[in-house]
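> According to Swiss-Prot, the feature substrate binding site maps to N124, T174, K178, R295, H327, S379. Per Swiss-Prot, the feature active site, proton acceptor maps to K176, H294; the stated evidence is sequence analysis. Annotated Mg(2+) binding site per Swiss-Prot: K202, D204, E205, in sequence order. Under the heading N6-carboxylysine, Swiss-Prot lists K202. Per Swiss-Prot, site 'Transition state stabilizer' is recorded for K334.
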Amino acid sequence: MNDSITVRGKDRYKSGVMEYKKMGYWEPDYVPKDTDVIALFRVTPQDGVDPIEASAAVAGESSTATWTVVWTDRLTAAEKYRAKCYRVDPVPNSPGQYFAYIAYDLDLFENGSIANLSASIIGNVFGFKPLKALRLEDMRLPIAYVKTFQGPATGIVVERERMDKFGRPLLGATVKPKLGLSGRNYGRVVYEALKGGLDFTKDDENINSQPFMHWRERFLYCMEAVNKAQAASGEIKGTYLNVTAGTMEEMYERAEFAKQLGSVIIMIDLVIGYTAIQSMAKWARRNDMILHLHRAGHSTYTRQRNHGVSFRVIAKWMRLAGVDHIHAGTVVGKLEGDPSTTKGYYDICREDYNPANLEHGLFFDQPWASLNKLMPVASGGIHAGQMHQLLDLLGEDVVLQFGGGTIGHPMGIAAGATANRVALEAMILARNEGRDYVHEGPEILAKAAQTCTPLKAALDTWKNVSFNYESTDTPDYAPTPSVSM
């Protein structure tokens, strides 16, 4: 089945229906060029459908093919523009599923456009009837394509310089409850959290401009809180002002107002769409603003293993698009996140070059062509008692956001912030002293709590609470590569 079965010559363009694998979309001898975009799909064919034909159909329908032969193919450089499925492997331990490797000529894509890239790669093909399910698992983006994108507007290094925070993770909290607070009370939460020791607070994904608190009111009270907290602490502080709105004009207006008020950071939601994200990233670059992206909505298509788009692909696209922060999982929190898979997401965000690593779900080497690094954000169900685990699993270049773990503190918001800051500082000190902070973590925290009542209260309240559920999206790691079909 490794032989090419492409029909050549005039028979290739006879009117009628022809199998995709015979039209040139299956080329097992093809060697991808350095400039090719490569997509790895998990293909689940309908019963009785040949996996080679199903994979060739994915290549065809995501590039130049339609359901029947069209003579106008002869007016194009058809051999060049056809996507080529060159390898199909059975997925380890998943009967009926196949990994299809498909190469696309770079000329098929518009420079610097995630919208155009996604329109081809995840366009109509996901509704193709011969497939039970289809998932985009990973992509190899060539340097020639990567360099057409801006990349993160600010980047990790410059963000740390602006915030004057070095040698430790940044600390944040999402204001809770996310909906219903007045502007004045919202600002009080921001002030207490920042005064207590956090670096950032943030709006949640669905706080925009509602009857109980219009956006301008929120921005004014939040920035008043930031300025007061900076004066009280002597540290640079920030709050993610969510500028997500119904139109680009409204988002630009909100972003400009945030800038006028002196904010160092604004926020957008993934649901605004790829073009809007890139537009806001370009605005942030021009205006020296950090851009935080909340991945609201991603689990509708990233969570299931057999259908949709892997978050590792979304992370790659967002690094290209130009955001500075992205929620990337916590492992130990309340949201989906297999440890190995999550490490792969963090590698995509923070490394200059990603070598293939099947254990972390990375199928391809990925160069980043000096694009700025993207700061991953960990949030959702984390608390001070997990600090040693978070530092070990996620490293130093990360924002740890304790929403409930700050605002739910029994002694109040400022005490919750202090508990998190003291826990982090104690763990960083232990790490820098060469201690085995992972195994000694509970002991280190208990000792720090002896001189910090807020930390003791946090540890007594949440103890070792964790959300230990089996992940639905785990790497299909095989010790040896499967044999090409």
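Just so you know, glycine gets a Cβ as well, placed from its N, Cα and C.
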> Between the Cα atoms of H327 (substrate binding site) and E205 (Mg(2+) binding site), what distance do you get, rounded to the nearest Å?
11
> Can you give me the same-chain residues 6 or more apart in sequence from D204 (Mg(2+) binding site) with a CB-CB distance under 8 Å?
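Sequence-distant Cβ neighbours: T174, V175, K176, K178, L179, N242, H294.
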> Sorry to bug you, but what's the C-alpha spacing from K202 (Mg(2+) binding site) to N124 (substrate binding site), rounded to the closest Å?
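With the alpha carbons as reference points, the distance is 36 Å.
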> On the three-state reduction of DSSP, what should I expect for H327 (substrate binding site)?
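Note: H327 (substrate binding site) is in a strand by DSSP.
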> Please report the number of other Cβ atoms within 10 Å of the Cβ of E205 (Mg(2+) binding site).
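Neighbour count, Cβ to Cβ under the 10 Å cut-off: 20.
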> Run through the Cβ atoms and count how many others sit within 10 Å of the one on K202 (Mg(2+) binding site).
28
> Can you tell which of N124, T174, S379 has the least company, meaning the fewest other C-beta atoms within 10 angstroms of its C-beta, among these binding-site residues?
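Relative to the other binding-site residues in N124, T174, S379, N124 has the fewest Cβ atoms within 10 Å.
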> Expressed to the nearest Å, what is the distance separating R295 (substrate binding site) and K202 (Mg(2+) binding site) at their Cα atoms?
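Each residue's Cα considered, R295 (substrate binding site) and K202 (Mg(2+) binding site) end up 14 Å apart.
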> Using only the Cα atoms of N124, T174, K178, R295, H327, S379, which the record gives as binding substrate, return the largest interatomic distance in Å, rounded to a whole number.
37
> Determine the most Cβ-crowded residue among the binding-site residues K178, R295, using a 10 Å radius around each Cβ and all protein chains in the structure.
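Going through K178, R295 one by one, the largest Cβ count within 10 Å is at R295.
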> Taking K176, H327 as the recorded positions to compare, which has the smallest set of other Cβ atoms within 10 Å?
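Candidates: the recorded positions K176, H327. Fewest Cβ atoms within 10 Å: K176.
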